[in-house]
Amino acid sequence: MNQTTLKESLMITGGVGLHSGQPTRVVFYPAEAGEGVVFHRLDQDVKIPATYQYAKSSPLCTTLQKDGVILQTVEHLLSVCSGMGIDNLLVELESEEVPILDGSGYEFFKRFSEVGLRELAAPKQGILVKKPVLYQKGDIEILATPSANPVFSFAIDFAHQQLGQQEYHFQFTEAKYAEEIVRAKTFCLERDVETLQAKGLIKGGSEENAIILGEDGQFKNMEVLTWLNEPNLHKILDQIGDFYLARNLRILGNVHSHKSGHSSHLEFIRLLMEDRQDAWELVEL
Ligand SMILES: [Zn+2]
């Protein structure tokens with residue numbers, strides 16, 4: 001299998017940043033083999049490769065930072081790149097946030113699918129898990145083990161009647177990613193909304209682009225849901241995006257996660273890529 005990029009450039013307008021609420025335009029350009037996914041902040045003239053070395057954790061989103069310039073909320077776009085198998089892409093923006101759009105990866109997926117992908121003359125690579133790698137912090141756990149097929153099993157545990165404890169096993173294929181994961185919207189607890197707004201965050205959040213888990217234990221905006229377990233599916237969407245910070249390579253193994261989020265995903269990737277190089281090998285796909 002060879003690396004890919006977009007066939008043609010394309011632009012998405014009309015989106016806003018989740019935190020800033022500011023209109024954000026984003027332009028995607030095809031890139032050469034080996035370049036990976038690179039963000040270009042045009043207003044600062046800084047290019048930031050989408051890899052863990054430039055990532056910093058924040059509780060609500062994944063942020064890249066280089067030379068004092070930041071770029072927030074990269075995870076849904078990176079998830080779509082991983083899910084569709086886009087290895088190389090140049091992403092130009094004029095502000096510090098990737099637009100939230102409908103809160104899922106669907107708009108990126110739809111537009112990328114419309115222009116299509118182009119194969120490049122270089123082999124596609126992946127990270128094949130050879131030995132177990134365990135990350136633990138409190139009750140958060142991520143365990144990667146060898147597996148013939150990539151699987152993401154994700155367990156959540158929320159003190160909310162509609163969510164509670166649940167687990168989803170996602171057998172990763174590009175077709176299943178398109179069916180089961182890419183349209184899963186982000187979510188937020190109703191009680192957190194005011195706190196976040198008071199901090200000047202989530203100005204671009206709305207009842208159209210986030211599932212709101214009401215104080216009464218119900219979904220506050222049921223009409224935006226596609227599936228009842230959509231928050232669980234969104235956690236997998238986020239994780240696939242965060243994991244693509246491993247040099248824009250897919251992790252090929254069985255990944256079992258319990259209550260993990262952006263911070264722990266990044267810490268797991270650092271552990272895997274830096275301290276546990278014994279546990280995996282680069283393979284051509
Ligand atoms: Zn998300």
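Along the chain as shown, the residues are counted starting at 1.
Backbone N, Cα and C define each Cβ position, glycine as well.
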Further binder of Zn(2+) named by TrEMBL next to His234, Asp238, taken from the candidates His40, His76, His160: His76
Find, for the listed recorded positions His76, His234, His262, the residue with the lowest Cβ contact count at a 10 Å cut-off, counting only other Cβ atoms. His262
Zn(2+) site shell beyond His76, His234, Asp238, criterion: Cβ within 8 Å of Cβ centroid: Glu75, Ser79, Ser104, Gly105, Ala184, Thr186, Lys235, Ile236, Leu237, Gly241
Reduced to three states, what secondary structure does DSSP give His234 (Zn(2+) binding site)? helix
